[in-house]
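Participant: In case it's useful when we look at the structure, here is the feature table from Swiss-Prot:
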DOMAIN    32-483  domain 'Hexokinase'
REGION    87-225  region 'Hexokinase small subdomain'
BINDING   101, 102, 103, 250, 437  ADP binding site
BINDING   191, 192, 226, 227, 253, 281, 312  D-glucose binding site
REGION    226-472  region 'Hexokinase large subdomain'
(Lines of atoms letter the chains of each structure in order from A and count residues from 1; the text may use other names and numbers.)
(Lines give C-alpha, C1' and ligand atoms only; values in the text may rest on other atoms or scores of the structure.)
Protein backbone atom coordinates (compact mmCIF):
# COMPACT_ATOMS: atom_id res chain seq x y z
CA UNK A 1 0.00 0.00 0.00
CA UNK A 2 2.80 2.34 1.02
CA UNK A 3 4.70 1.49 -2.14
CA UNK A 4 1.69 2.33 -4.28
CA UNK A 5 1.21 5.64 -2.49
CA UNK A 6 4.89 6.49 -2.87
CA UNK A 7 4.73 5.62 -6.55
CA UNK A 8 1.68 7.83 -6.99
CA UNK A 9 3.41 10.72 -5.23
CA UNK A 10 6.51 10.22 -7.36
CA UNK A 11 4.41 10.12 -10.53
CA UNK A 12 2.55 13.28 -9.54
CA UNK A 13 5.85 14.99 -8.77
CA UNK A 14 7.23 13.91 -12.13
CA UNK A 15 4.15 15.30 -13.88
CA UNK A 16 4.52 18.53 -11.92
CA UNK A 17 8.17 18.84 -12.85
CA UNK A 18 7.36 18.07 -16.48
CA UNK A 19 4.65 20.74 -16.51
CA UNK A 20 7.01 23.22 -14.88
CA UNK A 21 9.75 22.44 -17.40
CA UNK A 22 7.25 22.74 -20.26
CA UNK A 23 6.00 26.07 -18.91
CA UNK A 24 9.56 27.33 -18.54
CA UNK A 25 10.37 26.22 -22.09
CA UNK A 26 7.23 27.91 -23.39
CA UNK A 27 8.13 31.04 -21.43
CA UNK A 28 11.71 30.96 -22.76
CA UNK A 29 10.42 30.59 -26.34
CA UNK A 30 8.00 33.48 -25.78
CA UNK A 31 10.76 35.77 -24.55
CA UNK A 32 13.02 34.53 -27.32
CA UNK A 33 10.43 35.59 -29.93
CA UNK A 34 9.93 38.99 -28.27
CA UNK A 35 13.68 39.49 -28.09
CA UNK A 36 14.01 38.57 -31.78
CA UNK A 37 11.48 41.30 -32.70
CA UNK A 38 13.43 43.78 -30.56
CA UNK A 39 16.81 42.81 -32.04
CA UNK A 40 15.46 43.13 -35.60
CA UNK A 41 13.98 46.54 -34.75
CA UNK A 42 17.32 47.64 -33.32
CA UNK A 43 19.15 46.43 -36.42
CA UNK A 44 16.72 48.13 -38.85
CA UNK A 45 16.75 51.42 -36.92
CA UNK A 46 20.53 51.52 -36.59
CA UNK A 47 22.02 54.82 -37.68
CA UNK A 48 25.82 54.61 -37.30
CA UNK A 49 27.90 57.76 -37.98
CA UNK A 50 28.60 56.80 -41.60
CA UNK A 51 24.92 56.41 -42.38
CA UNK A 52 24.02 59.69 -40.67
CA UNK A 53 26.63 61.50 -42.76
CA UNK A 54 25.02 60.02 -45.88
CA UNK A 55 21.63 61.36 -44.70
CA UNK A 56 23.17 64.80 -44.06
CA UNK A 57 24.84 64.78 -47.49
CA UNK A 58 21.54 63.80 -49.14
CA UNK A 59 19.74 66.63 -47.30
CA UNK A 60 22.31 69.17 -48.58
CA UNK A 61 22.02 67.81 -52.15
CA UNK A 62 18.20 68.05 -52.03
CA UNK A 63 18.47 71.62 -50.72
CA UNK A 64 20.61 72.60 -53.71
CA UNK A 65 18.16 70.90 -56.10
CA UNK A 66 15.13 72.58 -54.51
CA UNK A 67 16.75 76.01 -54.78
CA UNK A 68 17.63 75.42 -58.44
CA UNK A 69 14.09 74.90 -59.75
CA UNK A 70 10.48 74.44 -58.71
CA UNK A 71 9.73 70.74 -58.37
CA UNK A 72 13.42 69.86 -58.64
CA UNK A 73 13.48 68.18 -55.24
CA UNK A 74 11.33 66.49 -52.62
CA UNK A 75 12.16 69.61 -50.57
CA UNK A 76 9.99 72.52 -51.73
CA UNK A 77 12.56 75.12 -50.56
CA UNK A 78 9.89 77.83 -50.62
CA UNK A 79 11.03 81.43 -51.05
CA UNK A 80 9.40 83.24 -48.12
CA UNK A 81 10.06 86.83 -49.29
CA UNK A 82 11.35 87.50 -45.76
CA UNK A 83 14.56 89.36 -46.57
CA UNK A 84 14.99 91.07 -43.21
CA UNK A 85 14.90 89.48 -39.76
CA UNK A 86 14.43 91.48 -36.54
CA UNK A 87 17.56 93.34 -35.47
CA UNK A 88 16.47 94.41 -31.99
CA UNK A 89 16.17 98.05 -33.08
CA UNK A 90 12.40 97.76 -33.68
CA UNK A 91 10.14 100.14 -31.74
CA UNK A 92 6.39 100.51 -31.41
CA UNK A 93 3.21 98.47 -31.07
CA UNK A 94 2.81 95.43 -33.31
CA UNK A 95 0.16 92.73 -33.56
CA UNK A 96 0.17 89.06 -34.52
CA UNK A 97 -2.58 86.68 -35.60
CA UNK A 98 -1.82 82.96 -35.41
CA UNK A 99 -4.30 80.78 -37.34
CA UNK A 100 -3.39 77.12 -37.57
CA UNK A 101 -6.21 75.00 -36.18
CA UNK A 102 -9.54 75.07 -34.38
CA UNK A 103 -8.29 77.92 -32.15
CA UNK A 104 -6.50 81.10 -33.15
CA UNK A 105 -4.43 83.52 -31.11
CA UNK A 106 -4.13 87.28 -31.21
CA UNK A 107 -1.12 88.99 -29.66
CA UNK A 108 0.25 92.50 -29.25
CA UNK A 109 3.70 93.57 -28.22
CA UNK A 110 5.33 96.88 -27.30
CA UNK A 111 8.91 96.96 -28.57
CA UNK A 112 11.42 99.40 -27.12
CA UNK A 113 14.46 99.10 -29.38
CA UNK A 114 17.89 97.89 -28.26
CA UNK A 115 17.44 99.08 -24.68
CA UNK A 116 13.78 98.30 -24.03
CA UNK A 117 13.43 95.09 -26.10
CA UNK A 118 9.99 93.53 -25.44
CA UNK A 119 8.49 95.97 -22.94
CA UNK A 120 5.09 94.29 -22.70
CA UNK A 121 3.03 91.67 -24.48
CA UNK A 122 -0.55 90.44 -24.19
CA UNK A 123 -2.45 87.70 -25.97
CA UNK A 124 -5.84 86.06 -26.21
CA UNK A 125 -6.99 82.71 -27.60
CA UNK A 126 -10.31 82.24 -29.38
CA UNK A 127 -12.09 79.02 -30.44
CA UNK A 128 -13.53 78.91 -33.94
CA UNK A 129 -17.16 77.67 -33.98
CA UNK A 130 -17.26 74.40 -35.99
CA UNK A 131 -19.82 75.69 -38.51
CA UNK A 132 -17.40 78.45 -39.60
CA UNK A 133 -14.77 75.86 -40.55
CA UNK A 134 -16.96 74.61 -43.39
CA UNK A 135 -19.05 77.71 -44.13
CA UNK A 136 -18.24 80.72 -46.29
CA UNK A 137 -14.96 82.60 -46.58
CA UNK A 138 -16.43 85.94 -45.48
CA UNK A 139 -18.03 84.39 -42.40
CA UNK A 140 -14.73 82.90 -41.20
CA UNK A 141 -12.62 86.00 -41.81
CA UNK A 142 -15.34 88.31 -40.40
CA UNK A 143 -15.30 86.27 -37.17
CA UNK A 144 -11.50 86.53 -36.99
CA UNK A 145 -11.54 90.27 -37.76
CA UNK A 146 -14.28 90.89 -35.19
CA UNK A 147 -12.25 89.08 -32.51
CA UNK A 148 -9.16 91.06 -33.50
CA UNK A 149 -11.12 94.34 -33.32
CA UNK A 150 -12.27 93.51 -29.76
CA UNK A 151 -8.67 92.73 -28.80
CA UNK A 152 -7.45 96.05 -30.28
CA UNK A 153 -10.19 97.87 -28.36
CA UNK A 154 -8.70 96.56 -25.10
CA UNK A 155 -5.29 98.11 -25.87
CA UNK A 156 -4.15 99.76 -22.62
CA UNK A 157 -2.03 102.81 -21.88
CA UNK A 158 1.12 100.68 -21.75
CA UNK A 159 0.95 100.37 -25.55
CA UNK A 160 1.91 103.49 -27.49
CA UNK A 161 1.09 103.73 -31.20
CA UNK A 162 3.00 106.61 -32.77
CA UNK A 163 0.76 109.42 -33.97
CA UNK A 164 -0.40 109.16 -37.56
CA UNK A 165 0.62 105.50 -37.87
CA UNK A 166 -1.42 102.52 -38.90
CA UNK A 167 -1.39 99.41 -36.72
CA UNK A 168 0.60 96.57 -38.33
CA UNK A 169 0.07 92.82 -38.10
CA UNK A 170 2.12 89.67 -38.67
CA UNK A 171 -0.12 86.83 -39.88
CA UNK A 172 0.94 83.25 -39.11
CA UNK A 173 -1.14 81.07 -41.42
CA UNK A 174 -0.30 77.39 -40.98
CA UNK A 175 -1.94 76.01 -44.11
CA UNK A 176 -0.44 75.31 -47.57
CA UNK A 177 0.05 78.65 -49.32
CA UNK A 178 1.80 79.79 -52.50
CA UNK A 179 3.60 82.89 -51.28
CA UNK A 180 3.72 85.74 -53.80
CA UNK A 181 5.27 88.49 -51.65
CA UNK A 182 6.13 89.17 -48.01
CA UNK A 183 2.47 90.04 -47.38
CA UNK A 184 0.49 87.98 -49.88
CA UNK A 185 -0.11 84.33 -50.66
CA UNK A 186 -2.81 82.19 -52.25
CA UNK A 187 -4.34 79.26 -50.40
CA UNK A 188 -3.48 75.92 -52.04
CA UNK A 189 -5.81 73.82 -49.90
CA UNK A 190 -7.27 73.65 -46.41
CA UNK A 191 -6.26 71.01 -43.84
CA UNK A 192 -7.04 70.28 -40.15
CA UNK A 193 -10.81 70.06 -40.58
CA UNK A 194 -11.31 73.28 -42.57
CA UNK A 195 -13.16 73.02 -45.89
CA UNK A 196 -14.11 76.35 -47.49
CA UNK A 197 -13.82 75.90 -51.25
CA UNK A 198 -14.29 79.55 -52.18
CA UNK A 199 -11.09 80.54 -50.31
CA UNK A 200 -8.89 78.10 -52.28
CA UNK A 201 -6.86 80.03 -54.87
CA UNK A 202 -7.55 83.34 -53.12
CA UNK A 203 -5.02 85.61 -51.40
CA UNK A 204 -5.55 85.02 -47.67
CA UNK A 205 -4.10 88.45 -46.78
CA UNK A 206 -6.62 90.14 -49.09
CA UNK A 207 -9.44 88.11 -47.49
CA UNK A 208 -8.33 89.18 -44.01
CA UNK A 209 -7.77 92.82 -45.04
CA UNK A 210 -11.28 93.09 -46.52
CA UNK A 211 -12.73 91.64 -43.31
CA UNK A 212 -10.74 94.14 -41.21
CA UNK A 213 -12.13 96.97 -43.37
CA UNK A 214 -15.68 95.65 -42.85
CA UNK A 215 -15.01 95.91 -39.11
CA UNK A 216 -13.73 99.47 -39.53
CA UNK A 217 -10.32 98.40 -38.21
CA UNK A 218 -7.40 100.34 -39.69
CA UNK A 219 -4.68 97.67 -39.69
CA UNK A 220 -2.17 96.57 -42.32
CA UNK A 221 -0.80 93.02 -42.71
CA UNK A 222 2.94 93.50 -43.28
CA UNK A 223 4.08 89.86 -43.06
CA UNK A 224 2.52 86.49 -43.95
CA UNK A 225 4.54 83.64 -42.44
CA UNK A 226 4.43 80.11 -41.03
CA UNK A 227 5.41 79.02 -37.52
CA UNK A 228 8.92 77.91 -38.54
CA UNK A 229 9.82 81.31 -39.97
CA UNK A 230 8.30 82.89 -36.85
CA UNK A 231 10.63 80.77 -34.72
CA UNK A 232 13.58 81.94 -36.81
CA UNK A 233 12.52 85.58 -36.33
CA UNK A 234 12.05 85.19 -32.58
CA UNK A 235 15.38 83.39 -32.31
CA UNK A 236 17.23 86.10 -34.26
CA UNK A 237 15.67 88.84 -32.12
CA UNK A 238 17.11 87.18 -29.00
CA UNK A 239 20.43 86.17 -30.55
CA UNK A 240 21.97 87.73 -33.65
CA UNK A 241 23.88 84.51 -34.46
CA UNK A 242 20.69 82.49 -35.17
CA UNK A 243 20.81 81.32 -38.80
CA UNK A 244 18.17 78.57 -38.86
CA UNK A 245 15.08 77.34 -37.04
CA UNK A 246 13.77 73.81 -36.63
CA UNK A 247 10.35 72.71 -35.39
CA UNK A 248 10.38 69.37 -33.56
CA UNK A 249 6.85 68.95 -32.27
CA UNK A 250 3.71 67.22 -33.52
CA UNK A 251 5.08 67.98 -36.98
CA UNK A 252 8.52 69.03 -38.14
CA UNK A 253 10.01 71.64 -40.46
CA UNK A 254 13.05 73.86 -40.89
CA UNK A 255 13.79 77.34 -42.22
CA UNK A 256 17.11 79.11 -42.64
CA UNK A 257 18.78 82.25 -43.98
CA UNK A 258 20.17 81.78 -47.50
CA UNK A 259 22.19 84.18 -49.65
CA UNK A 260 19.76 85.44 -52.28
CA UNK A 261 22.40 85.07 -55.03
CA UNK A 262 22.62 81.34 -54.20
CA UNK A 263 18.98 80.76 -55.23
CA UNK A 264 18.93 80.04 -59.00
CA UNK A 265 15.11 79.98 -59.12
CA UNK A 266 14.94 83.55 -57.69
CA UNK A 267 14.46 85.82 -60.72
CA UNK A 268 13.55 89.11 -59.03
CA UNK A 269 15.93 91.87 -57.99
CA UNK A 270 18.27 90.91 -55.16
CA UNK A 271 17.02 92.28 -51.82
CA UNK A 272 18.99 95.07 -50.18
CA UNK A 273 19.98 92.77 -47.32
CA UNK A 274 21.33 90.16 -49.75
CA UNK A 275 19.50 87.50 -47.73
CA UNK A 276 16.35 85.44 -48.17
CA UNK A 277 14.67 83.13 -45.66
CA UNK A 278 13.89 79.72 -47.14
CA UNK A 279 11.06 77.57 -45.80
CA UNK A 280 12.41 74.07 -46.48
CA UNK A 281 9.30 71.97 -45.76
CA UNK A 282 11.83 69.31 -44.79
CA UNK A 283 9.22 66.84 -43.54
CA UNK A 284 8.95 65.63 -47.15
CA UNK A 285 12.66 64.74 -47.36
CA UNK A 286 13.38 61.15 -48.31
CA UNK A 287 16.52 59.20 -49.11
CA UNK A 288 17.56 55.59 -49.61
CA UNK A 289 19.82 56.12 -46.58
CA UNK A 290 16.90 56.57 -44.16
CA UNK A 291 16.63 53.48 -41.92
CA UNK A 292 13.08 52.22 -42.53
CA UNK A 293 11.37 49.26 -40.87
CA UNK A 294 8.31 47.19 -41.72
CA UNK A 295 6.44 49.29 -39.14
CA UNK A 296 7.30 52.55 -40.92
CA UNK A 297 6.30 51.12 -44.29
CA UNK A 298 2.94 49.90 -42.95
CA UNK A 299 2.26 53.22 -41.20
CA UNK A 300 3.06 55.12 -44.40
CA UNK A 301 0.91 52.83 -46.58
CA UNK A 302 -2.08 53.28 -44.25
CA UNK A 303 -1.65 57.05 -43.89
CA UNK A 304 -3.65 59.76 -45.66
CA UNK A 305 -0.55 60.70 -47.71
CA UNK A 306 1.34 57.51 -48.68
CA UNK A 307 4.86 58.18 -49.95
CA UNK A 308 4.79 61.76 -48.68
CA UNK A 309 6.31 63.32 -45.53
CA UNK A 310 8.47 60.21 -45.00
CA UNK A 311 11.06 62.06 -42.89
CA UNK A 312 8.32 63.59 -40.74
CA UNK A 313 6.85 60.12 -40.13
CA UNK A 314 10.23 59.02 -38.73
CA UNK A 315 11.01 61.97 -36.45
CA UNK A 316 7.91 63.91 -35.40
CA UNK A 317 5.76 63.64 -32.30
CA UNK A 318 2.68 62.76 -34.33
CA UNK A 319 4.11 59.36 -35.23
CA UNK A 320 6.67 58.13 -32.66
CA UNK A 321 4.10 56.72 -30.24
CA UNK A 322 2.29 55.02 -33.12
CA UNK A 323 5.49 53.29 -34.26
CA UNK A 324 5.95 52.01 -30.68
CA UNK A 325 2.35 50.72 -30.69
CA UNK A 326 2.92 48.78 -33.90
CA UNK A 327 6.07 47.13 -32.50
CA UNK A 328 4.31 46.17 -29.25
CA UNK A 329 1.36 44.79 -31.25
CA UNK A 330 3.70 42.48 -33.17
CA UNK A 331 5.26 41.35 -29.89
CA UNK A 332 1.81 40.73 -28.41
CA UNK A 333 0.70 38.72 -31.46
CA UNK A 334 3.87 36.70 -32.01
CA UNK A 335 5.28 36.44 -28.49
CA UNK A 336 2.24 36.88 -26.19
CA UNK A 337 3.99 39.88 -24.60
CA UNK A 338 0.93 40.83 -22.56
CA UNK A 339 -0.44 37.32 -22.01
CA UNK A 340 -2.34 34.85 -24.16
CA UNK A 341 -4.79 37.50 -25.39
CA UNK A 342 -3.76 40.56 -27.40
CA UNK A 343 -5.10 43.63 -25.52
CA UNK A 344 -7.96 44.98 -27.72
CA UNK A 345 -6.89 48.60 -27.16
CA UNK A 346 -3.43 47.84 -28.55
CA UNK A 347 -5.10 47.41 -31.94
CA UNK A 348 -6.35 51.02 -31.95
CA UNK A 349 -4.12 53.26 -34.13
CA UNK A 350 -2.47 56.21 -32.37
CA UNK A 351 -3.69 55.15 -28.90
CA UNK A 352 -0.11 55.45 -27.62
CA UNK A 353 0.57 59.16 -27.95
CA UNK A 354 4.16 60.37 -27.91
CA UNK A 355 3.81 62.15 -24.52
CA UNK A 356 2.87 58.74 -23.00
CA UNK A 357 5.86 57.18 -24.75
CA UNK A 358 8.10 59.88 -23.27
CA UNK A 359 6.77 59.25 -19.74
CA UNK A 360 7.50 55.52 -20.05
CA UNK A 361 10.92 56.06 -21.63
CA UNK A 362 11.96 58.56 -18.95
CA UNK A 363 10.80 56.36 -16.02
CA UNK A 364 13.73 56.06 -13.60
CA UNK A 365 11.98 54.15 -10.78
CA UNK A 366 13.55 50.74 -9.91
CA UNK A 367 10.32 48.86 -10.67
CA UNK A 368 9.40 51.06 -13.67
CA UNK A 369 6.17 52.02 -11.91
CA UNK A 370 5.21 54.69 -14.47
CA UNK A 371 5.54 52.18 -17.32
CA UNK A 372 3.23 49.76 -15.50
CA UNK A 373 0.70 52.51 -14.76
CA UNK A 374 0.68 53.77 -18.36
CA UNK A 375 0.25 50.26 -19.82
CA UNK A 376 -2.71 49.82 -17.47
CA UNK A 377 -4.24 53.26 -18.20
CA UNK A 378 -3.71 53.25 -21.98
CA UNK A 379 -4.02 49.58 -22.92
CA UNK A 380 -5.91 48.12 -19.95
CA UNK A 381 -3.05 45.67 -19.29
CA UNK A 382 -2.96 44.61 -15.63
CA UNK A 383 0.04 43.42 -13.59
CA UNK A 384 2.89 43.49 -16.11
CA UNK A 385 6.20 41.93 -15.09
CA UNK A 386 9.35 44.00 -14.70
CA UNK A 387 10.80 42.12 -17.68
CA UNK A 388 7.84 43.22 -19.85
CA UNK A 389 8.19 46.81 -18.71
CA UNK A 390 11.90 46.81 -19.52
CA UNK A 391 11.12 45.53 -23.00
CA UNK A 392 8.62 48.37 -23.53
CA UNK A 393 11.27 50.91 -22.45
CA UNK A 394 13.76 49.32 -24.88
CA UNK A 395 11.28 49.76 -27.75
CA UNK A 396 10.73 53.42 -26.81
CA UNK A 397 14.50 53.93 -26.63
CA UNK A 398 15.16 52.54 -30.11
CA UNK A 399 12.35 54.51 -31.78
CA UNK A 400 13.11 57.82 -30.00
CA UNK A 401 16.87 57.66 -30.57
CA UNK A 402 16.50 56.85 -34.26
CA UNK A 403 14.29 59.96 -34.54
CA UNK A 404 16.85 62.07 -32.67
CA UNK A 405 19.74 60.74 -34.81
CA UNK A 406 17.86 61.60 -38.02
CA UNK A 407 16.84 65.06 -36.77
CA UNK A 408 20.50 65.77 -35.95
CA UNK A 409 21.52 64.57 -39.43
CA UNK A 410 18.99 66.99 -40.97
CA UNK A 411 20.45 69.90 -38.99
CA UNK A 412 23.93 68.80 -40.07
CA UNK A 413 22.70 68.91 -43.68
CA UNK A 414 21.69 72.57 -43.27
CA UNK A 415 25.06 73.42 -41.71
CA UNK A 416 26.79 71.62 -44.59
CA UNK A 417 24.81 73.59 -47.19
CA UNK A 418 25.86 76.83 -45.49
CA UNK A 419 29.50 75.78 -45.08
CA UNK A 420 29.17 75.86 -41.29
CA UNK A 421 30.14 72.20 -40.79
CA UNK A 422 33.88 72.90 -40.97
CA UNK A 423 36.19 74.72 -38.51
CA UNK A 424 36.32 78.50 -38.90
CA UNK A 425 39.34 80.50 -37.79
CA UNK A 426 37.35 83.29 -36.11
CA UNK A 427 35.28 80.81 -34.04
CA UNK A 428 32.04 82.44 -35.24
CA UNK A 429 28.99 81.13 -33.36
CA UNK A 430 26.21 79.40 -35.29
CA UNK A 431 22.90 79.15 -33.46
CA UNK A 432 19.94 76.92 -34.39
CA UNK A 433 16.63 77.97 -32.78
CA UNK A 434 14.44 74.96 -31.98
CA UNK A 435 10.77 74.99 -30.99
CA UNK A 436 8.20 72.24 -30.44
CA UNK A 437 6.93 70.09 -27.61
CA UNK A 438 8.89 67.01 -28.68
CA UNK A 439 12.19 68.84 -28.21
CA UNK A 440 11.07 70.88 -25.20
CA UNK A 441 9.48 68.10 -23.12
CA UNK A 442 11.07 64.79 -24.26
CA UNK A 443 14.41 65.14 -22.45
CA UNK A 444 16.05 61.94 -23.73
CA UNK A 445 15.15 62.88 -27.32
CA UNK A 446 16.52 66.44 -27.00
CA UNK A 447 19.77 65.30 -25.36
CA UNK A 448 20.26 62.69 -28.07
CA UNK A 449 19.76 65.29 -30.85
CA UNK A 450 22.44 67.49 -29.28
CA UNK A 451 24.96 64.71 -28.56
CA UNK A 452 24.52 63.19 -32.05
CA UNK A 453 25.13 66.56 -33.73
CA UNK A 454 28.24 67.08 -31.57
CA UNK A 455 29.58 63.67 -32.58
CA UNK A 456 28.89 64.31 -36.27
CA UNK A 457 30.61 67.71 -36.27
CA UNK A 458 33.61 66.87 -34.12
CA UNK A 459 34.98 68.84 -31.18
CA UNK A 460 36.37 71.86 -33.06
CA UNK A 461 33.20 72.65 -35.00
CA UNK A 462 30.68 71.63 -32.34
CA UNK A 463 32.21 74.13 -29.90
CA UNK A 464 30.84 76.92 -32.14
CA UNK A 465 27.39 75.37 -32.78
CA UNK A 466 24.57 76.09 -30.33
CA UNK A 467 21.06 74.60 -30.26
CA UNK A 468 18.75 76.96 -28.42
CA UNK A 469 15.13 76.51 -27.34
CA UNK A 470 13.04 79.34 -28.84
CA UNK A 471 9.40 79.28 -27.77
CA UNK A 472 6.29 80.74 -29.41
CA UNK A 473 7.58 81.59 -32.85
CA UNK A 474 4.06 81.61 -34.28
CA UNK A 475 3.09 84.44 -31.89
CA UNK A 476 5.90 86.78 -30.90
CA UNK A 477 7.86 85.85 -34.06
CA UNK A 478 5.02 87.05 -36.29
CA UNK A 479 4.78 90.37 -34.43
CA UNK A 480 8.56 90.83 -34.72
CA UNK A 481 8.42 90.20 -38.48
CA UNK A 482 5.59 92.72 -38.80
CA UNK A 483 8.00 95.19 -37.17
CA UNK A 484 10.99 94.15 -39.32
CA UNK A 485 8.88 94.63 -42.48
CA UNK A 486 7.03 97.71 -41.29
CA UNK A 487 5.93 100.19 -43.95
CA UNK A 488 7.67 102.84 -41.80
CA UNK A 489 10.99 100.97 -41.59
CA UNK A 490 12.84 102.92 -44.28
CA UNK A 491 11.73 106.27 -42.84
CA UNK A 492 13.11 105.21 -39.43
CA UNK A 493 16.43 104.21 -40.99
CA UNK A 494 16.98 107.65 -42.55
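Just so it is clear, glycine is given a Cβ too, placed from its N, Cα and C backbone atoms.
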Participant: Around the C-beta of residue 281 (D-glucose binding site), how many further C-beta atoms are within 10 angstroms, looking at every protein chain?
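Facilitator: Step by step: centre on the Cβ of residue 281 (D-glucose binding site), count other Cβ atoms within 10 Å, giving 22.
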Participant: Which state, by DSSP, holds residue 226 (D-glucose binding site): helix, strand or coil?
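Facilitator: In three-state terms, residue 226 (D-glucose binding site) counts as coil.
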Participant: What is the maximum Cα to Cα distance, in Å and rounded to a whole number, among the residues 101, 102, 103, 250, 437 annotated as binding ADP?
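Facilitator: So the binding residues stretch over 18 Å, Cα to Cα.
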Participant: Reduced to three states, what secondary structure does DSSP give residue 437 (ADP binding site)?
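Facilitator: In the DSSP reduction, residue 437 (ADP binding site) maps to helix.
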Participant: D-glucose site residues 191, 192, 226, 227, 253, 281, 312: biggest Cα-Cα distance, Å?
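Facilitator: So the maximum pairwise Cα distance among the D-glucose binders is 17 Å.
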Participant: Spatially speaking, which of the binding-site residues 101, 102, 103, 437 is closest to residue 253 (D-glucose binding site)? Use C-alpha to C-alpha, please.
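Facilitator: Minimum Cα distance from residue 253 (D-glucose binding site) across 101, 102, 103, 437 lands on 437.
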Participant: Within 10 angstroms of the C-beta of residue 437 (ADP binding site), what count of other C-beta atoms is obtained when all protein chains are considered?
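Facilitator: A count of 15.
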Participant: Just name the winner among 101, 226, 253 (the binding-site residues) by count of other CB atoms within 10 A of its CB.
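Facilitator: Ranked by Cβ atoms within 10 Å, first place goes to 226.
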Participant: Quick one: mean pLDDT on the region 'Hexokinase large subdomain' (226-472)?
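Facilitator: Reported value for the region 'Hexokinase large subdomain' (226-472) is a mean pLDDT of 95.
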Participant: Note down the number of other Cβ atoms within 10 Å of the Cβ of residue 227 (D-glucose binding site), including every protein chain shown.
Facilitator: 26
Participant: Looking at the binding-site residues 101, 102, 250, which has the shortest Cα distance to residue 191 (D-glucose binding site)?
Facilitator: 101
Participant: Is residue 312 (D-glucose binding site) helix, strand or coil when read with DSSP?
Facilitator: helix
